[in-house]
Every structure is written in C-alpha cells, then in structure tokens.
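*Asks:* The following block contains the structure, expressed as structure tokens.
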Amino acid sequence: MLELDLQVASETSAPDEARLRLWCEMGLRQRSADSELTIRLVDETEGRELNNTWRHKNYATNVLSFPADVPDDMLDIPLLGDLVICVPVVNREAVEQGKSVDAHWAHMVIHGCLHLLGYDHIDDEEAEEMEALERTLLEELGYPDPYADDESADPPHSDTPSKDHE
C-alpha cells in the first residue's frame, strides 16, 4: 500500500492526486513492502532554491528525488523519500518536446520514483536499464515511449541530491 502525502505549493495547474498516485504505484510496483512518500509540487522559485541548495545548480529542474536515508530498523513506517516536482517546468517541457502534458507528467513521476528505489542514470549502462523500465511502465499505462523522438537524448533532468551523484 502507498501512503502518499501530497503538498501543493504551486499556483500552476497540475495533475490531481489520483493520477499522481497511479503513476507512483506503477513506478513502485516492484517494491513489495508498503511505501510512504511525499510529493511536493512547487513553482520555479522554490524549485530553483532546492536545486541550488542540493545540487549547486541555479535553475529549476523538473524533478528532485530525496531518498530516505534512515535505516529501516529505525522507523515504524516504510518511508521511501520525497519527490519535489516543479510544475511549470514539467508543463513547459511537455509543450517544448511535443508531448502530451499527461504523458510527460507520468514519465517524470515514474522517473522520480525509480530514483527513490535506487535507479540512476550516471553511466550509460544504468541509464539504459532505467530508461527501459520507464518505457515498459509507461507503455503499460498507454503512453508513448518518451525517448522515441531522439534516441541520443539525455535522460530527464531529475536527480537524486547527494554528494555521490554530481
């Protein structure tokens, strides 16, 4: 079961909680344990501040993933982590990339959830594994391959803030 804490700190239109939950559940379905995660929807000011604080990059990115860094035996709850999604950035990227807003949101949420599960795209092999899983999950939801238009494209800008990830 997924315990989702949705925090809306953006005035920009975003998908509703039911769709966010569906996409999270799809991204986390390989995890058999219960999961608790927070999604915080932000505008560009907060997105830029968080990206600058945690990644030392002074721009708002689409998704930031913050995995819980607490030993399992220290918690009474199955805390997975937090996703911070910059609503205007995701909406703008969808238009710029010629994708449906819904499909791009699904991709970004699934991408962020996979980061919380430990997937990454630091090297090519990891990126290929993560992208293949994203393609499969999105296809099951009826969305097109997010990488189809440009096979040489970099993965989404979503990152997991950590000193090891730069």
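Note that Cβ sites are derived from N, Cα and C of the backbone, with glycine treated the same way.
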*Asks:* Please state which member of HIS56, HIS121 Swiss-Prot lists alongside HIS111, HIS115 for binding Zn(2+).
*Replies:* HIS121
*Asks:* Under a three-state reading of DSSP, tell me whether HIS121 (Zn(2+) binding site) is helix, strand or coil.
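*Replies:* Its secondary structure by DSSP: coil.
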*Asks:* Helix, strand or coil at HIS111 (Zn(2+) binding site), per DSSP?
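*Replies:* It is helical.
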